[in-house]
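Database features, via TrEMBL:
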BINDING   B:ASP419, B:THR421, B:ASP1025, B:ASP1029  Mg(2+) binding site
COMPBIAS  B:647-658  compositional bias 'Basic and acidic residues'
DOMAIN    B:44-101  domain 'P-type ATPase N-terminal'
DOMAIN    B:1051-1296  domain 'P-type ATPase C-terminal'
TRANSMEM  B:78-96  transmembrane segment
TRANSMEM  B:102-120  transmembrane segment
TRANSMEM  B:302-327  transmembrane segment
TRANSMEM  B:347-371  transmembrane segment
TRANSMEM  B:1083-1103  transmembrane segment
TRANSMEM  B:1165-1188  transmembrane segment
TRANSMEM  B:1194-1213  transmembrane segment
TRANSMEM  B:1225-1245  transmembrane segment
TRANSMEM  B:1267-1286  transmembrane segment
Amino acid sequence: MKEQQETANRPDNTAFTQQRLPAWQPMLSAGIVIPGFVIIGLAFIGIGIALFVTSQNIQVLERDYTGVENNSPCFKCSDPSTKNCVCKLDFSLDKLFEGPVFFYYGLSNYFQNYRKYGVSRDDRQLSGRLDNFQSPDEGCVPYQYDANNKPIVPCGSVANSLFNDTFKLYQIVNGARKLVPFDGKGIAWWTDHNVKYRNPSITPLKNAFNGTVKPTFWSKPAYELDPSDPANNGFVNQDFLVWMRRAALPDFRKLYRRITEGDYKNGLPAGNYSLEIAYNYPVLDFDGRKKVVFSNVSWMGGKNQFLGIAYLVIGSLCVVMSIVMLIVYAKFKFPDEE
Amino acid sequence: MAREAEETGMVTGSKVKKQRKKKVKENKTRIVHANILYDHAKGEENPNRHYANNKIKTTKYTLLSFLPKNLFEQFHRFANVYFVFIALLNFVPVVNAFQPELALAPVVFILSVTAIKDLWEDYRRHRSDKEINHMDCLVYSRLERRYVERYWKEVRVGDFIRLRCNEILPADVLLLSSSDPDRLCHIETATLDGETNLKQRQVVRSFFDLDCDFDPSKYNSIIECEKPNNDLNRFRGYIIHRNGRRDGLYKENLLLRGCTIRNTEEAVGIVIYAGHETKAMLNNNGPRYKRSKLERQMNVDVFWCVIILLVMCLFAAVGHGLWMFQYGDKRPVFDVLSPEGTDLSPILSAIYLFLTMIIVFQVLIPISLFVSIEIVKICQVYFIHQDMDLYDEETDSHLQCRALNITEDLGQMQYIFSDKTGTLTENKMVFRRCTVAGVEYSHDANARRLAMYQEMDSEEEECMSHGGTLTRRDSVTSHQSARVVLRSQSTKSHRRTGSRAEAKRASILSKHTAFSSPMEKDITPDPQLLDKVNECSSQLDFMRFHSQPMSQLPSDLSDIIDFFIALTICNTVVVSSPNQPRQKVRMRFELKSPVKTIEDFIKRFTPSRLTSGSNSSSSSSLITNRSSNRGCSSVLSSPSAESTLTKLDEERPARGLEHAFSPVPPNYEGKTWAAEEGELRYEAESPDEAALVYAARAYKCSLVGRLPDQVTVELPHLGKLSFELLHTLGFDSTRKRMSVVVRHPLTDQITVYTKGADSVIMDLIKPPSTGKRQRKIVYRTQNYLNLYAADGLRTLCIAKKILTKEEYACWLQRHLEAETAIQGREELLFESALRLETNLQLLGATGIEDRLQDGVPETIASLRKAGLQIWVLTGDKQETAINIAYACKLLEPEEEILTLNADSQEACALLLEESLHYIQAKFLCTSTDQAAKTFHSEFAAFDIYPSSPPSSSSHTSPFTVHRLGLVIDGRTLAYALDKNLEDKFLAVARSCRSVLCCRSTPLQKSMVVKLVRNKLKVMTLAIGDGANDVSMIQVADVGVGISGQEGMQAVMASDFALPRFQYLQKLLLVHGHWCYSRLANMILYFFYKNAMFVALIFWYQFYCGFSGSAMIDQWYLIFFNLMFSAFPQLITGTLDKDVSAETLQQLPQLYMNGQNSEEYKPYMFWMNMIDAFYQSLVCFFLPYFAYADSDVDLFTWGTPITTLALFTILLHLGIETKTWTWMNWASITFSIALFFTVALCYNASCPTCYSPSNPYWTMQRLLQDPLFYMLCVITPLAALLPRYFYRACQGTLFPSPVQVGRQLDKLPSETRRNILSLSRVKVGAQLGPKPPFLSLLKPFPKDYNHKDQKSFSNSKTAQGCQGPVLQMDNVGKSHQKGQSSPLGVTHSKKGLSDPYTFVSTEIDTLPYTKEAPGHTGDWITSTPLLTQGDSVQVTLPPAGGSQCVTYKRNSEETPGLDHTNWNISPFF
């Protein structure tokens, strides 16, 4: 008892309190570093080659249709004063463009990631809340109310600037134009289409928009976006959804359609094609560019050789470093190998 | 409980201030009336109503004020203000970047953590306050006419309170009455200053003679005293009685709050200061806030971060302006107009953007850094507390960290300033040897006994290390055997050493008696001296029996007996017996004599009294006097000598000579003597006193009882003798001596016994012209004294003086005047003491050994190897200090020593100048390489790797440290610390390897520390144990207190409190190093981490029109630091060990890592920044290119970047982590898991919330994307490749010392030991030969020496410089060794005018030799050689009037004893 009192202040003798926890001490010595680098380098080179080859097999067809140059088929449409301009972009494939083919439109120098632009939307409104139909979120300013103080639905800059060029692809078969069927379903994220964006549960949909106005730049209201498919209207319109998902970088592409049906199930056969473009979207005033992209995809997405090259470079760097170290090491002959 | 009151009473500041304000109207004093006079007036007219009551409130907050007040306090921290500013900025719509509520989260989090901590602390304070406020005490109530129980908080100034034994004082109380017959009251002040001995307090003089019980209702005096202050040792005031008489009040009258009443049944007093105005409360300053060097450095870099932040924001703002500008009037569809629908001008939007960017980049200023550092420091403190190696079993105490925020400073120390006594030494004074009447008694057996302690210590350690069984060698003498048995019972601890186990046992036996370990008590007498004592006392006995006058005793024998009597009674030791612990302990009077009035004198010394035999002892007679002659009515009558003289003349208690021999004085019967069966215990205020009393007891001359007016001594053959104690002139540091005036019972002469420092006593000795014998005694004693000092012993001289009655009466008259004086009383008493202590007769001298603490030399050696400069600042005399310094390896034999002794400013200036020249000439010009080489040899441990240079670390200062020691005395130090000289002094001192300041005052100590700290800009550590070290401890960057025998004052002032000096080694070398390297690495990592993270967003600005947009979700942005990456760095910051504790201790050189701030240099911050920018580039552009030409959306692209950044940051930490325990693994795993869990939950939680990112289902989709995984593999690797490569190269090709240490750690312990021992051999080989510059010195012919000196002194005088004391000792020679020493007097090229001393000694003549048993027979071999050989002392009289030069050449005819500085006392 007395003994215990005497040592009341005695610290606990445990590995933790005495800082004697068993520990692994990695030591960056040549013996570990050099083989380590070699192994990592080789592995990376392997991955790099695989990635590179995969990427190499992807076919991409890109056409700019902004119409800046005089000889461009869409030159006539680039004048902002022309309305409802349609231009044709012809191209030919000399071999089968393997399917499924993804058809993108691309914009350059377009800052969808501009901070104020990104804020300018009302997610509640887009999820179908009628309260927000009548009084859209503050964030939508100045696309919140129109000049008559009527609420804009969908409000905000993002919705307002919806990309409204439309495309039709024809294959020229023996001089005749054969429409290539586009698959417009499922181009947007499933969660966007089914969870995040909802139309108000009012039928007909049009009634929900009573007392509101369409965005200033729009030619038709939201409930009439796709006349062909009533289910593809309102906020769950696929093109609208794709647009609303803001691109990360100023040069971006967005999926427009997929070619998965009919004769083109296996891709676009070799031949001549004509793309009919309803040229509506003005990009020239901010030096933007518009393009269309046909591409097929691999397991790792679209064509991008960068990652494969990166792996190869880093892998080789590792190997080179290990060699350098080996040379230096051999030259100095350090005694810690004794 | 009172202790707790103290602890919790930390924050009294504002309260007290408020109360002070209230009393502005009062001027300089406080006037206290008795409350009972005003009881019915309900306080309105009570003049005391303005004073603070006794309710203490140490809490900072009330329920209401908590929030505002706490927030206000937290906003004192700049960082907090910054973060709140940012958070508020978010509420401004034009600039906001995040959801405002979210932006508040980190600030609120951090503020609330701190607030909760504060709240909890405050609650604890509140509880203990309540407890204290509700303690009971007895307060006099006028209504009930008795003392009634009240709570402490109800006590007010002016109340009368009654205190009983063992009660704690509720307030500062003026003592008015005590049940003690001597009107004393004993208090224990352990809670105030930690001193466990009893202090004596005295009833106010006017109430002194009051015999009946004190009746408060009759009290009607007014007290006028100082305003409340925090000086525990000062109290002044007057008590003004109704009749207008004033009486002085002194600190002896004041009982302080928090003390405990002891040994006094009852005391009554009036409350003077209450509550927060008590001295105890005013002394609570709370923990000090110090900012560590690392933190200062960090703050600079935080400032740089701010600059970087502003630059980045500015850049972005300009970029945004330009970006806007390029569009001109063309309105892109993605542009958003201002709310008014108009276009914002580019400039305006740039300005807005600037603010937005500050919000976005806020993470660059590491918000969590400050919190993390605090957490890590708390953990570090916890681990230091917990270290078993810093736990002292003997005292059951472990290291205390009293300052929580400077742990890392421990790893950066450059200078150590150490006290000597009690810090380096044990402060266990052991009587070692003595000289009486010029004859030396070497006490060989005693020496052997001490050596035995030493031996047993080491022996036991050995035994313990070999399996812990205690096998004793047979060689242990019988003297030791009993102790051995006792000791071997305590085998529990594996680290306990012999003497400490013993000390522990002793401390159990006598819990409260300090300075009484067996080592200190059991003194083996010198047989020769013992015989003489016996002979002497038997002769005395015989003479007494035959009624012969005592003066017939041979003078050498009478000297011996006087010597021991002086040892026994000339002190303030209190005797008690273990059976009655502290029941009736009588304490000393400080500067107060029992002869209180002139009538006492007359009463005692009238001839009638001397002749007529009476049987009453003076003490009892005094008491009866009081009661019979003065009734209660005469309390306030003035004790004027005239009036009472006649009265007292009537009563002359006669007292016979024979009665002095009565074995038992009547009033002692059965009380003190009962203690005879048990061992008497001596309670001494200083260890020296105890040592001397124990020494005398060993010669059967033991102190058996002490009363205020009587000391009883038991002598062999003579039995008990009672000495009537007439006066005690207490010790003070100015006089450096104490005296007692007694009446010798044998000779009936009035005798003064004086004991004091040799330097003072020798000056007071009656001029030796009186007789040849006396002169011889003085001469010889001086020689022995020098010898003792050289041996490292503390010396004391004992002298006596016999006064005639007339002389005494004459002195007494003036002394009493001094005592009763009200003004300048202390000065008068001091002068009075000076008058008495003159013309003394030297009896002898003692040498007391103060043993070094265990492991001190090793600790100093390894601290020095660690690159620490160690200065010892001591109050001891020069010789003692030098020898202790040798013993503890502070000075080394091969070192030259520069001694600076000057007695005028000019002389000092000259000395410094010359020393500087000397050093420059010697070291800088001729042998820079040599010096450097010598210095570098310290790094030889690293020469295992020939290619690894000992790094540039050694060159922190332009000065190189030489193998040179500097010794300076207090007086010279005072000159050297002058403004004009301090730079020179520093220049000299810093080039010396060790500096020893002797005879320094506490103030000087702190001045030295301050000077070094401020001028050299170095980190200083001061370590000490006593009150005299407090100022030094407070001034230093880190103050360390030794919780030793000298109370707690040093500990109270310190930042760290250690039980023993040797723990400093582990504290600095291991914990300091760890704390420093951990924190430094953590801080750097923090900067890196934040910069890396923020830079990601910065790069993105180039792709989003500098619009302040972030691809990283705001949640991740804000919680990245707080949650995702917080834990691993905390774990690493707390647990990482770059080198193991063993290696750190074996290779002290590794400490230089911290000294030179090598873990965190300014360039490292920038390197880290660059690395951070590189890594963020990789983390940004790999995903950028990987996702180029894809339809990726903003946050699907941003989230991988966040993930990659997290991986990179964690892996980076992994590279920087040196030891991976399971906790590191767990924390990293946890961090990653936490990130993904939070991300998944967050991304699944709400489809429509978290505008603008709205990251619904992003993470889920990413996890299905193979590209994401491919990025996760390559990016961190690519980002960390350069750092990894650098580390690998560095670790392999150019390992830093620390890395070498780490590599050593990895080796099996056997190999490691071999390598270390190998490297030591190398070091030794390089250090072995004497430094080359010594070889330049040629042997010095003796007579030349002499001549040289002369010419030197002439040259000195020619220069008109007075006073430098030159001492040139050729120490290398001993008579045993003959004259063959190769080292002559060192002599430089400029030797002729060099006023310093070189003391070179050979290794084998190391001065401080612990005498090994066996060859102590010849004292010459065992004593240091400092004083042997040729010693020439040249002194110039300081007065400057005479130009004469006195120098003495030692005479050869007194073999070996030829130090001659006694008559010129050069050191003082």
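Each Cβ is built from the backbone N, Cα and C atoms, and glycine gets one as well.
Heads up, TrEMBL stuff is auto-annotated, nobody curated it.
Annotated features, which come from TrEMBL, shown on the structure.
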residue   : record              : Cβ neighbours (10 Å)
B:ASP419  : Mg(2+) binding site : 30
B:THR421  : Mg(2+) binding site : 26
B:ASP1025 : Mg(2+) binding site : 32
B:ASP1029 : Mg(2+) binding site : 33
Counting only residues 6 or more past its boundaries, what in the same chain has a CB within less than 8 Å of a CB in the transmembrane segment (B:102-120)?
60-61, 66-67, 70-71, 73-74, 80, 83-84, 86-87, 90, 96, 359, 367-368, 370-371, 1114-1115, 1118-1119, 1121-1122
Could you check if the transmembrane segment (B:302-327) is in contact with the transmembrane segment (B:1267-1286), meaning 3+ Cβ pairs under 8 Å among residue pairs at least 6 apart in sequence?
no
If you count every Cβ pair below 8 Å, which range out of B:347-371, B:1165-1188, B:1194-1213, B:1267-1286 shares the most with the transmembrane segment (B:1083-1103)?
B:1165-1188
So how many of the residues in the domain 'P-type ATPase N-terminal' (B:44-101) end up helix, strand or coil by DSSP?
27 helix, 0 strand, 31 coil
